[in-house]
Amino acid sequence: MVNESLNQEESNDRPAPESEFQMDTSYSTQPSGSIHPSVSGHPSVSGHPSVSGHPSVSIHPSVSIDPSVSVRPSSSAHPSTLAQPSGLTHHSSLVREDSVIKVSKRRWVVVMVFSCYSLCNAFQWIQYGSINNIFMNFYGVSAFAIDWLSMCYMLTYIPLLLPVAWMLEKFGLRTIAITGSALNCLGAWVKLGSLEPHLFPVTMVGQVICSVAQVFILGMPSRIASVWFGADEVSTACSVAVFGNQLGIAIGFLVPPVLVPNIKDPEKLAYHISIMFYIIGGVATLLFILVIIVFKEKPKHPPSRAQSLSYALATPDASYLSSIVRLFKNLNFVLLVITYGLNAGAFYALSTLLNRMVILHFPGEEVNAGRIGLTIVIAGMFGAMISGIWLDKSKTYKETTLVVYIMTLVGMVVYTFTLNLNHLWVVFITAGTLGFFMTGYLPLGFEFAVELTYPESEGMSSGLLNVSAQVFGIIFTISQGQIIDNHGTMFGNIFLCVFLALGSALTAFIKSDLRRQKANKDAPETKVQEEEEEEEGSNTSKVPVVLEAHL
């Protein structure tokens with residue numbers, strides 16, 4: 001039985017020992033296999049599939065033992081070790097370690113480091129859009145060209161999702177985290193070579209590099225939450241992971257208008273832009289170093305029964321394409337992909353075009369335009385945290401998602417018809433209300449997708465949601481931008497309202513098939529013997545490892 005201190009974290013990549021059970025045919029005198037009494041301290045137990053040989057281990061009914069063979073543990077075998085029939089690929093060390101459910105203290109450090117470099121990447125996405133008119137004048141390009149500095153994030157994600165999702169499954173969280181933070185750092189420093197009005201292509205190259213880094217970031221929140229956090233923490237942890245991205249967008253609305261004033265002198269303007277670029281380059285470098293130092297692949301023990309079972313079901317030869325096919329055969333997930341894309345796409349379009357909309361109604365208010373964007377995202381972060389905590393307590397995924405979606409539609413309608421009242425304080429209130437629900441919906445979609453698709457890869461389900469968001473984001477940004485230029489901001493916002501209404505209707509048709517919750521409930525509890533209750537802390541429990549070919 002594994003007995004570890006809560007403060008001890010060991011590496012998971014040491015080689016697994018050979019099977020600790022020996023098949024001895026010299027004792028087969030009974031028609032049913034029996035456990036030899038010479039080693040085990042427990043009473044003799046029949047090898048019938050329905051009988052558990054040890055309180056911490058169960059043998060699934062689908063596993064049978066040949067009646068002509070008895071199983072005798074060697075003298076070195078611990079009595080709690082599970083005898084594995086041929087054909088099962090799980091090593092004995094994996095079975096022993098994964099039978100312990102324990103959350104790691106490192107989990108909060110991991111999620112906070114991820115949240116920080118996600119923040120840095122999100123800041124670089126919106127830093128141009130929040131002062132759209134200033135960069136237009138500096139580089140001498142059109143508003144549409146500046147919009148592409150934001151839309152390249154959306155466009156790059158679409159073709160790169162599948163390769164990066166494959167890399168996540170093949171190489172793991174740590175490799176993906178290091179790659180994403182390295183690209184984010186590289187893109188930030190490339191932009192420092194674009195401090196002349198004729199060097200717009202250089203700043204576009206730097207932004208494209210950052211957009212590639214984003215592909216290594218957006219699909220990770222639900223994966224980190226599942227791998228590192230317990231069943232009662234996953235939604236909160238996912239919200240914290242998404243929180244960083246939202247905070248980065250908020251800072252991206254607030255800081256650029258302060259650091260880069262709207263002045264005409266190109267040299268002075270280049271100096272102010274360089275300050276912003278140097279700051280973000282230094283921060284990105286520091287975060288890259290932190291990722292290398294503190295980011296770990298996974299904890300020593302699975303944090304939940306669902307994650308333990310997910311490890312047991314994982315096979316090295318699993319078909320990557322078959323996983324995608326299964327996801328698209330899941331009607332509830334397909335509906336969620338569409339509805340998530342409509343909501344997140346509307347948020348991307350609104351964020352990209354916010355400066356243009358506010359300046360049209362309130363000329364010269366670049367700083368307040370940034371503050372309105374900040375209000376939207378800060379309110380959304382509170383909405384995301386409240387939603388995550390609520391999900392962990394109530395497990396009402398479908399109901400919460402639907403309510404938040406409907407309130408997003410209501411907030412968008414109110415914002416649309418109050419923007420032209422020429423009262424800036426009204427815009428702050430209505431935009432904040434909209435952001436509370438619209439941005440707060442994002443982690444809800446991630447967690448609902450994991451519930452609907454368990455035990456499929458969290459990275460794949462989250463990635464497909466993000467692809468949908470990028471596709472709709474590009475469509476909505478281009479379309480709304482054209483509508484605003486030709487017909488005004490009200491018609492552009494009504495355009496988004498129509499699609500949010502469609503998304504609300506489709507959300508109502510999603511069935512609440514919470515597969516991960518069922519896995520956590522269906523895995524039976526097992527009492528730990530008194531002599532084994534020396535595990536430190538209240539977050540440790542023992543569960544049997546269930547060997548199955550399918551969930």
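Placed from the backbone N, Cα and C atoms, the Cβ positions cover glycine too.
The region 'Disordered' annotation in TrEMBL covers 1-89, 520-551. According to TrEMBL, the compositional bias 'Polar residues' annotation covers 22-89. Among the features that TrEMBL reports, transmembrane segment is placed at 108-126, 138-164, 171-190, 202-222, 234-255, 275-295, 331-350, 370-390, 402-418, 424-444, 464-484, 490-510. Residues or ranges marked as compositional bias 'Basic and acidic residues' in TrEMBL: 520-529.
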Outside the transmembrane segment (370-390), at least 6 residues beyond either end, the same-chain residues with a Cβ under 8 Å of its Cβ set are 126, 130-131, 235-240, 242-243, 246-247, 249-258, 350-351, 354-355, 358, 396, 400, 404, 427-428, 431-444, 447
Return yes if the transmembrane segment (464-484) and the transmembrane segment (138-164) have at least 3 CB pairs under 8 Å (sequence gap of 6 or more), otherwise no.
yes
Sequence-distant contacts of the transmembrane segment (138-164), meaning Cβ under 8 Å and at least 6 residues beyond its ends, amount to 125-126, 128-129, 132, 176, 197, 199-200, 203-204, 207-208, 210-212, 214-216, 218-219, 266, 269-270, 273, 324, 348, 351-353, 356, 463-464, 466-467, 469-471, 473-474, 477-478, 481
